[in-house]
Structure formats: C-alpha cells, structure tokens
Number of protein chains: 2
Amino acid sequence: MAQKPSIPKGTRDFSPVEMARRNYIFDTIREVFRLYGFRQIETPAMENLSTLMGKYGEEGDKLLFKILNSGNYLKSTDHELLNAEEPSGRLTSQLCEKGLRYDLTVPFARYVVMHRNELQLPFKRFQIQPVWRADRPQKGRYREFYQCDADIVGSDSLVNEIELLQIIDEVFSRLGIRIAIKLNNRKVLAGIAELIGAPDKLIDITVAIDKIDKIGIDNVVVELRERGLSDDAVERLRPILAISGSLDERLSALSSLLADTPVGVAGVEELRAVVSGVESLGMKAQLDLDVSLARGLNYYTGTIIEVKALDVQIGSITGGGRYDNLTGVFGMPGLSGVGISFGADRIYDVLNTLDLYPENTSAASKVIFLNLGADESTVSLKAAKMLRASGIAAEVYPDTVKMKKQMAYADAMRIPFVAIIGETELESGTVTLKDMEAGNQEAVALDDLVARLS
Amino acid sequence: MAQKPSIPKGTRDFSPVEMARRNYIFDTIREVFRLYGFRQIETPAMENLSTLMGKYGEEGDKLLFKILNSGNYLKSTDHELLNAEEPSGRLTSQLCEKGLRYDLTVPFARYVVMHRNELQLPFKRFQIQPVWRADRPQKGRYREFYQCDADIVGSDSLVNEIELLQIIDEVFSRLGIRIAIKLNNRKVLAGIAELIGAPDKLIDITVAIDKIDKIGIDNVVVELRERGLSDDAVERLRPILAISGSLDERLSALSSLLADTPVGVAGVEELRAVVSGVESLGMKAQLDLDVSLARGLNYYTGTIIEVKALDVQIGSITGGGRYDNLTGVFGMPGLSGVGISFGADRIYDVLNTLDLYPENTSAASKVIFLNLGADESTVSLKAAKMLRASGIAAEVYPDTVKMKKQMAYADAMRIPFVAIIGETELESGTVTLKDMEAGNQEAVALDDLVARLS
C-alpha cells in the first residue's frame, strides 16, 4: 500500500536553506532590474503547442514537455497513427494541445503580440520563472530550471545594450562574483563571411567557430572544410581568429581586416560605441571581444553577449543579444529587441563553490521561546507577538517537552537566541535570553526585549 | 505563416501592474510567515503520477494535467487499450509517468517523507507556488493559480492552531481586508454523528451540512434523508444546526448537547482552548463557530478553519485545519500536522474590488531622463547610475526621438518625475526636473539630484 516516493529525474526539491540562498540570487537580480526601470510580467507555465513548436529547431520540438489532452484524448486520433511503430508528430499534436514553456523568450514574444494594443513602446520587461526541457539530465543540467530575463523591445538604440551590460556588471558585483563579459556582433560575423567569400555559409561558420574554445582552432578549421568552405576561405579566416592584444587593439585590427565589408564595419562601429559607452560609466567586470562568439542561436542580429565566471570552471552564466524579428513569426514584423538571461542555477553553483553567501542568508528565526508549560507559553506568545510587530522573526516551541529536545531544535535550526520563560521569569516579568553563538545568557525585562533583539 | 497567438483557456498573462499588485500580496504573506518562523521550500512542478493519483478522489484524478512520456511513448502501450472507444486509466498511465502538481499539500507530504532524515521536527514550512487543475474554467476559477500554504508537522500542540490564526489575522489586517474566521472541529462533527446514532454516516453528514449556507437547512435535511439518515437522527441534528448566540454561548450550548459523547466534548474543549488562546493575544478578525463547516476534505481530524471576506461576496479566501495522517500513504504514519492555505487569486479579486492597494503599488521607475542627443544621454546615463546607487529606480529613454513622444511614454508609465538634460543643462551642470503630478518644474544641480529625489 505505502509507496516509497520519489521525484521525476532532472527535477529538485529545494530545502529552506537552499531556498534562502536562491532567494538571495533572485532578489538581487530583481532589485537591479527594478533600479533600471524594468517591469515584471509572468506568463502561464502551459502554452499552446502551436506557439512553441518550430521555434527551437527540430531537436527543441522533441525536448518540449507535452500535456495530454483532458477527457477522451483518443477521440480525435487517427487509428493508423496510433498503431504505428513510432509516434509521429501528427499523432502527438492530436493527443496534446499544450506544452510546458521551454524558455522565456518565445512566451515573451507571444505576450508582446497579444498585448500590442496595451503596450507602450519601448517595453522594458523582466521575467523570472521556471522553464522545462526534456533534456537528458546530467550534472548542472536539469529538466526544470529558472531563467531570469530582461529585454527591451521597440528600440534599436545602443543605449539599451549599454544598460544591459551595466545590469550584468551590477548584479555580479553585488553577488561578489568576478566575471568576464565577452562581446561580439552578428554584423561582424556577417562581414567575416562576406570577406572570405562565403556569405551563404554564415550559419555554418558561426556554428563551427562557436566551438573554438572547446575544440581549438585546428579542429574548427577541419569542421569548416567539412562544411564546404574552400581552402582559400579558411586561410582568409585564420588571421581574424588569431587577432590579439588589448580590446582597443583588437577592435582596430578587426576594423582593418573588415574594411571592405560595409556590414562588418558597421558591426565594429556598434561594438566600439557599446564598449566606449560602458567604459565611460565605469565597469568592474572585465570586457572582452570574442569574434568566435555566436551563441548558437541564429536569431541574433546585432550585439552578442556572454558572461563567464573567472574563478570557477563552468559554462556561461549569462547571455544575450539583439534580435530583430522576434515577433515576426506571430504576425508582428520589424520589432527590434535586445535582452539578457541570467542562468540562476549556474549562478547558484558558482556561489556555492566560492561560498559567497552573506552571513545572514539563512532561513532561521532570530529567537525561539522554549515552552515550559501552558501559563509560561501564553506569556511567550505575547512576547513573540511584540517582537514580530517590530519586524523580528520569532517562534514559540509548540510542545511542552524536555528542554534538551527543545534546545536541540534551536541548535539544529541555527536560531541565534533562545528565550526562556519559566516560573521564576513569570514572577519577575523577565525572560532569560541565551546567546547561542557566544554561549552566555542574561536576564532581560520583558519590556526591554524588543530593544535588546533589534 | 504568421499565427495569431493565444494562451490555453483558464490561464492568464500578468501585466506589470498586475504583477506589482500580486507581489504586494505574496510579499505580505511571505513576510508574515517569516515573522512566525516558517521556512520556505519549493517542490518541482512535475511529480510522478504515482505520487499524485488516488490522493484527490476519482474526480481529482481526472483533473490532473498529465505529461506525455518523452521519446517513443507508444512503445509500452497496450494495443487493445489504444484502440478502445475511451481511454482507460491503465492506458493513461502507460502514456504518462508524470503530472503537474494539483495542490501543495501532497507534494509537501511527499517532501517530508523523502527528506525525513534531514528534517528537524516540528517542521514549519511555507510554500508559495502555482498549481494546475483541468477544471472547467469560469469566473474566478483558473487552470493555473497560486497557493500560499503554511503547515507545521510533527506537533499536536494547539499552540500551532493559535499561531496560524494569528497569521491569518495579521495577513488580512496588513492587507486591509475585514474578515470573519469560521472555526469548527472534526471531533465535534464526530460527536454529532455519534449523538444522533449514525457514527458510520460521518462523511455523509459532513458533506451534507457543509452545504447549509448554500442550500439552507431544509434542503440539507432532505439530502440527509436521501443519504439514509433516519427521521429520528435528523430531528436530533436540528437543534445543533440551530445553535445561536455569542461565540461563548454557542460553545456552551454545543458542550451541553454533546455531553454524552466523549469525542464531541474533546472537540469542544479544543475549540475553547484555541478561542481563548487567540482572544487573550488580541485579534482584529471576527471569530465564529460554525458547526456546519467541514470543508469537504475528509482528511481533517481536528480544528477546521475557513476565512470569509466581510465586504465582498466571494467564496472562502483562506482555509485549513489539522490532519493526522498526511504522510501515511507514503509510508510514514502517525505524523500530526496542521496548516492553512491562502487563496492568492481570490484575495487579489477582493483587493481589486475594494481598491485597497497602497499608493506605491505600481511598477514604475521614480524618474526618467529624456534623451536629447548622444552627449546629453551620456550625462543622463551617469546621473541615472548615481540615483540607482542610492536605491532610486531610474531609466533613460533610449532613443533620441521627439520630446512629445518621450513625454507620452513617461505619462503612460506613470513615472512621477521627468529629468531633462539638454544643451543649457549640460553647460550649467544642472537638470530640469519636472514633477508630473504637480505639473511644475525646477532646475536642480546634478550633485543635488539624489537628495532631491530621495
């Protein structure tokens, strides 16, 4: 009868201590978004599959979690499809109308189009919600995880890029994580493709050179040849991939190499404007140009942004860029946008690895009143009420059990103060207050308790 | 090609203003939970169907959203079941291993059992997350909605009931909603069943008398007869349903009527202890005894709590009670618990109806800098950075477009101050600050801006 319970693979429970730490991250990101005038929205966990399908490539379609129709889900299915060896996409769409959101970007685009008449452009929104992917679970990769996105749509000014980079700098500076921000621009990539005489191979080039960090320049060259690039084109590409020096030097070198491609020059100019804008405002983060940065996603049309932690070996912890046709697929073309997405789960791993949580990131009350009987706990409940009215988290041990057991609870919960009201204290109108860290205790008048613990 | 997007019926998007209002509710509830020493957990949106099925009755099983297995979901299905007219439960469990959580109580029970070795009892947890039900959507009933639950497990002390009632009182007092808290006790219901000679009909009695508010005492009597209660039993029940007077008078009357049933007397004693405990601490909310209160759910074993708004016609906005065997079904018997659940969506409706949001519940920045050109916006970006460092939300209009358009944006966003840095201001190191509500404007030195807007 009794089952041994478990949770689906790739999902997690979060304990009180883990929640306190996660909330510290979410609160930090939310506060910085708010300071920059971004406004929060939320969208439903379930979207129509017609909204989600075809937006993440063929692989993405497979990784969507699909929700079985309610009621008689067999009614509109095709018997031939049902009796096939393998389920077809058509059968799946007969069985399921809805799916769980895969990211926050497509639901945001859907939101903008549906609410176009209420929205004031430019629209600066942020969104912090979980997403679901039927990926094979592995270390650091989950089937349910949070994204924290900020986007501006309806403005193509580079001021937006500058502010998003400031937000990245501010969030990681508040969290105490040292980072490098890598920048690139899709127009630079287009310029490169044009320069080497393979403008139609832009996607092949970006996909291949995106791997330069992982597999090295020589393997990238092999891959580019396999993807049909001529020897001549590959040789023209090499000097660009080998650009070195300071950020300014690299921008200059790139500018010279791309001088004959107007789109490439435009890309370098945008990079320069963003870099100089950010630098004039002051940045803690290290800023890098990385012409191999493409972030796989082919919807970026301008600036591309990626953030790496300097002190922990982990994938990118934030990314983003400019896109020019996010809402086109939903019938609203020509809306430019730029956005970033903080990877809360990886940031959580980085903070854990570096042990960077502030001291007060715990889930504990400030004080617990031990329970020594009915009359005593009545007074404790009143004292606790008084403390809470002053914003001090207080609890009363509910059961009149052995003091040792109650102290063990206080200790395990890491509650900093234990308040004892027994017979003596009842008579004298005091409370014995034990400082759990220092180990000492003192008698405090009930009326002074709020001041003592504030 | 372009689709007209929509969202699944019964689900909602939340706009920035709606989010600000919802966050006001969640933040209020979360802060009160925290002050009482409750600690937050989160559980995954998806649970194994084996965890969820059979916990909410036959109807509940149908209302679960089920997630189609990934990969070849036809592989382990039974062809006979696939070709049936109607899908069977067995087929559904072959197609789906996982479902979306239906409430926060069952996942909490599952959590307690899975983490029993890490938990310190009593465990005071709160949880604020969405739940999903494939109910027929209607006004005020959604397929995705939030629950805000606080429970204590591992303690049968009535101190817990008292604190939960204090929490209810505090939350609604902070929100400005006048409420009545209805109380009952399952033992009183058991006493009544025994008194009228129908102890085996306890469930029938509770289900029927739960409807007394909706259908009236006479129709409840008809229903009780249909459920097999004798005329004699029904006549014994009438005086109990007709008890009136003050809370104390009603408790006394009930005590006399139930004097011959030990379980009934125990129930009245628990009610008395809870009421007197709460009253000695002081309560803003009106406290009522309601012997017709059963809350449908048959897992309550002691105190039963339900909250009604006094100034709006709407169903219960919070409910809860004590249960004694929540974790038994997962192999951990004998753990007593008591909990409450705030219905955030109904509370949202009440606040909207009464227009009780505080003035500052908006999603807006405090100030927006207009964009009059590249040099000007560089100075604006610096000034905005300075303001944000002091915790003041500020934004810079990203595009250099007509001032009228920028002012229209500021107005639509309800941003209280507009800051203008043009050529004159650049030269004098000032900013022209326009108070959008008062309509006047003044020149402020850049260095004084933080102080002026603090």
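Each residue, glycine too, has its Cβ placed from N, Cα and C.
Predicted automatically and left uncurated, TrEMBL annotations should be read as such.
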According to TrEMBL, B:Asp103, B:Leu104, B:Thr105, B:Gln147, B:Asp151, B:Arg295, B:Tyr299, B:Tyr300 bind L-histidine; which one of B:Arg90, B:Arg133, B:Arg136, B:Arg174 is listed for that same site?
B:Arg133
On the 0 to 100 scale, where does the mean pLDDT of the domain 'Aminoacyl-transfer RNA synthetases class-II family profile' (B:1-351) fall?
92
Taking the Cβ of B:Arg295 (L-histidine binding site) as the centre, count every other Cβ atom within 10 Å, in any protein chain shown.
19
Only counting partners 6 or more residues apart, tell me which same-chain residues put their Cβ under 8 Å from the Cβ of B:Gln147 (L-histidine binding site).
B:Asp103, B:Leu104, B:Gln127, B:Ile128, B:Gln129, B:Pro130, B:Val131, B:Ser341, B:Phe342, B:Gly343, B:Ala344
Any same-chain residues 6+ apart from B:Thr105 (L-histidine binding site) with CB under 8 Å of its CB? Would you list them in sequence order, or say none?
B:Asp149, B:Asp151, B:Leu326, B:Gly339, B:Ser341
Over all shown protein chains, what is the count of other CB atoms within 10 A of the CB belonging to B:Tyr300 (L-histidine binding site)?
24
Using a 10 Å radius around its CB, how many other CB atoms surround B:Asp103 (L-histidine binding site)?
17
Which of the three DSSP states, helix, strand or coil, fits B:Asp103 (L-histidine binding site)?
coil
Roughly how wide, in whole Å, is the group B:Asp103, B:Leu104, B:Thr105, B:Arg133, B:Gln147, B:Asp151, B:Arg295, B:Tyr299, B:Tyr300 that binds L-histidine, by largest Cα to Cα distance?
22
